[in-house]
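Pulled from Swiss-Prot:
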TRANSMEM  9-29  transmembrane segment
TRANSMEM  40-60  transmembrane segment
TRANSMEM  89-109  transmembrane segment
TRANSMEM  147-167  transmembrane segment
TRANSMEM  184-204  transmembrane segment
TRANSMEM  219-239  transmembrane segment
TRANSMEM  280-300  transmembrane segment
TRANSMEM  327-347  transmembrane segment
TRANSMEM  396-416  transmembrane segment
TRANSMEM  425-445  transmembrane segment
TRANSMEM  538-558  transmembrane segment
TRANSMEM  592-612  transmembrane segment
Amino acid sequence: MEHAYQYSWIIPFVPLPIPILIGIGLLLFPTATKNLRRMWAFPNILLLSIVMIFSIDLSIQQINGSYIYQYVWSWTINNDFSFEFGYFIDSLTSIMSILITTVGIFVLIYSDNYMSHDQGYLRFFAYMSLFNTSMLGLVTSSNLIQIYIFWELVGMCSYLLIGFWFTRPAAANACQKAFVTNRIGDFGLLLGILGFYWITGSFEFQXLFEIFNNLIYNNEVHLLFVTLCASLLFAGAVAKSAQFPLHVWLPDAMXGPTPISALIHAATMVATGIFLVARLLPLFIVIPYIMNLISLIGIITVLLGATLPLAQKXIKRGLAYSTMSQLGYMMLALGMGSYRAALFHLITHAYSKALLFLGSGSIIHSMEAVVGYSPEKSQNMVLMGGLRKHAPITQIAFLIGTLSLCGIPPLACFWSKDEILSDSWLYSPIFAIIAWSTAGLTAFYMFRIYLLTFEGHLNIYFQKYSGKKSSSFYSIKLWGKEEQKMINRNFRLFPLLTMNKNEKPYTIGGNVKKRALITNFGYKEAFSYPHESDNTMLFPMLILVLFTLFVGAIAIPLNQEGMHLDILSKLXXPSINXLHKNSNDFEDSYQFLTNATFSVSIAGFGIFTAFLLYKPFYSSLLNLNLLNSFSKKGPKRIFLDKIIYLIYDWSYXRGYIDTFYSISLTKGIRGLAELTHFFDRRVIDGITNGVGITSFFVGEGIKYXGG
């Protein structure tokens with residue numbers, strides 16, 4: 001056992017040779033390295049698999065003994081200051097290591113096929129290896145300085161991967177937005193680290209917690225300053241985990257390749273903020289107002305993330321907002337002191353969201369056979385529909401991931417989300433009402449994504465790329481902005497949006513297949529059609545389906561004879577849980593079934609509403625009299641229309657938050673820069689030049705007067 005812990009320092013460095021070797025190969029043997037580029041996927045996956053096996057071994061030992069192991073090397077700079085660096089192994093480290101490596105392996109296998117056509121294949125795998133190294137280094141860090149170093153490396157890798165296709169303006173702008181937004185949080189994190197070092201004189205976690213608790217107990221610190229430092233630490237987590245108000249980078253980050261979206265949203269970048277708060281929870285929990293702040297930010301993010309996807313048309317952006325909402329649930333749980341529930345939801349959400357993003361990548365990959373390489377079209381849900389016929393395996397996998405995120409038993413997210421929802425009643429009834437309501441909204445918008453993508457007919461064939469409408473039906477927009485003439489123009493809630501007809505698709509060679517004939521409402525023409533992805537992409541999705549089905553069993557919260565399956569509590573013990581002081585205080589069967597029935601009912605209502613509004617659209621057009629009967633004018637209908645327009649505008653405009661930042665911050669900073677430039681050129685330079693000119697004329701005058 002001791003040997004496993006002693007060699008744990010190697011965990012972050014195992015994947016590191018790959019980017020180094022790729023760089024050396026491209027520098028010394030560029031032609032051979034590029035010709036053999038597909039070879040690099042295997043050692044990448046192999047090295048990460050070694051780390052996964054090592055992490056599983058550590059977790060087994062943690063379950064058996066709940067050990068905390070720390071090894072520190074000291075570097076003495078002078079007699080007054082020494083820098084210590086090392087590694088810290090506990091249950092949180094082992095859980096995060098397993099999460100990073102398992103999801104990372106599946107994403108790498110998937111990426112081998114997904115990125116095979118891309119000229120940046122080698123660069124992508126080098127960035128991915130460096131990303132995994134940075135995350136593993138972060139979770140094994142023994143002090144705040146190491147955390148900050150790897151924190152910055154994670155941010156750098158995300159910048160490189162989000163802007164992987166940097167020639168596309170959308171990707172270039174997205175990586176800059178992510179970088180700048182995270183710099184705000186990183187600056188706060190650095191100030192918070194320095195503040196706590198000034199208070200305690202230590203960066204090491206165990207020494208920091210012990211010294212700080214003694215200072216608080218003896219009332220030897222200024223509470224306002226401590227609260228400020230803790231808030232600055234939390235600001236770093238807010239930015240990285242896309243919490244309000246620093247969440248604006250996350251939807252735009254979808255401009256990167258889909259595999260990296262899966263990794264960022266499941267187990268790497270957005271998980272770092274949750275990890276940081278979980279790691280520093282012994283510090284936060286003794287500061288009176290910080291836990292309230294964490295839970296408040298969490299519940300605001302939950303609500304915001306559940307309302308913004310309601311009118312999004314890009315499939316990846318809708319999933320990005322769902323990630324934001326689920327991260328809000330985790331942050332809410334940490335703010336409530338429910339450490340175990342937050343960690344449980346982090347695990348279950350990671351596998352479910354990885355499955356959904358890989359599924360969306362499979363969808364986008366198949367749609368590119370129809371629309372060519374055009375992200376605005378290949379990711380547009382309203383041009384999809386009917387993909388269940390063309391990609392049945394992807395459809396089943398995506399449906400399982402969707403049901404899990406909705407909280408339907410016995411899938412993974414049901415167990416963790418239900419635990420957070422149950423704990424919220426013990427913390428605050430207001431927060432509980434918001435959390436339960438957003439659970440229904442989650443089910444609604446997730447099934448909206450599923451129905452628009454897989455059910456009905458392939459909507460792309462209702463409009464030609466030239467912009468000429470092949471069917472009058474395609475004049476319909478979502479929420480009734482514009483409609484077909486046969487229907488009353490005030491009817492709302494159609495699940496279609498018009499496409500951007502000004503953008504040309506770019507066909508990828510060898511990626512287009514032809515169908516002899518497709519008949520859509522009497523319209524006949526030979527079309528390209530979507531197709532199921534290759535086995536290399538389907539295999540990791542099927543493995544993630546198994547994780548989504550069974551990973552919830554590690555922490556089923558029942559404490560009955562013969563049903564004690566709660567492995568997570570053994571792994572996380574001793575852990576902080578302010579809501580359940582007694583470690584044996586779990587739900588009995590009746591309480592669990594009551595809460596579960598209520599949560600499933602709310603999710604079922606959201607799914608039912610989505611089916612009503614987003615059922616296959618063209619079949620509903622067969623009964624135009626019924627549709628027109630719904631659209632009759634009246635005071636209630638006018639009021640409902642106003643509510644619908646309000647919801648649509650709120651969601652489509654991203655809650656006006658990006659607009660507010662653009663006006664108040666971007667334009668304000670640019671205006672300040674222009675004012676500074678004007679002041680520098682006209683005033684500062686004017687004074688300098690004026691002094692010079694004055695000296696010249698005075699000298700000339702003296703020269704003239706003196707003869």
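Placement of Cβ uses the backbone N, Cα and C atoms for every residue, glycine included.
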Long-range Cβ neighbours of the transmembrane segment (592-612) (under 8 Å; 6 or more residues past either end): 406-409, 414, 417-418, 421-422, 436-437, 439-445, 447-448, 451, 557-558
Stretch among 40-60, 89-109, 396-416, 425-445 sharing the most Cβ pairs under 8 Å with the transmembrane segment (538-558): 396-416
Contact check, the transmembrane segment (89-109) vs the transmembrane segment (425-445), 3+ Cβ pairs under 8 Å, seq sep 6+: no
Long-range environment of the transmembrane segment (396-416) - Cβ separation under 8 angstroms, sequence gap at least 6: 322, 326, 341, 344-345, 347-349, 351-353, 355-356, 358-360, 363, 439, 442-443, 446-447, 449-450, 453-454, 538, 541-542, 544-545, 547-552, 555-557, 596, 599-600, 603, 606-607
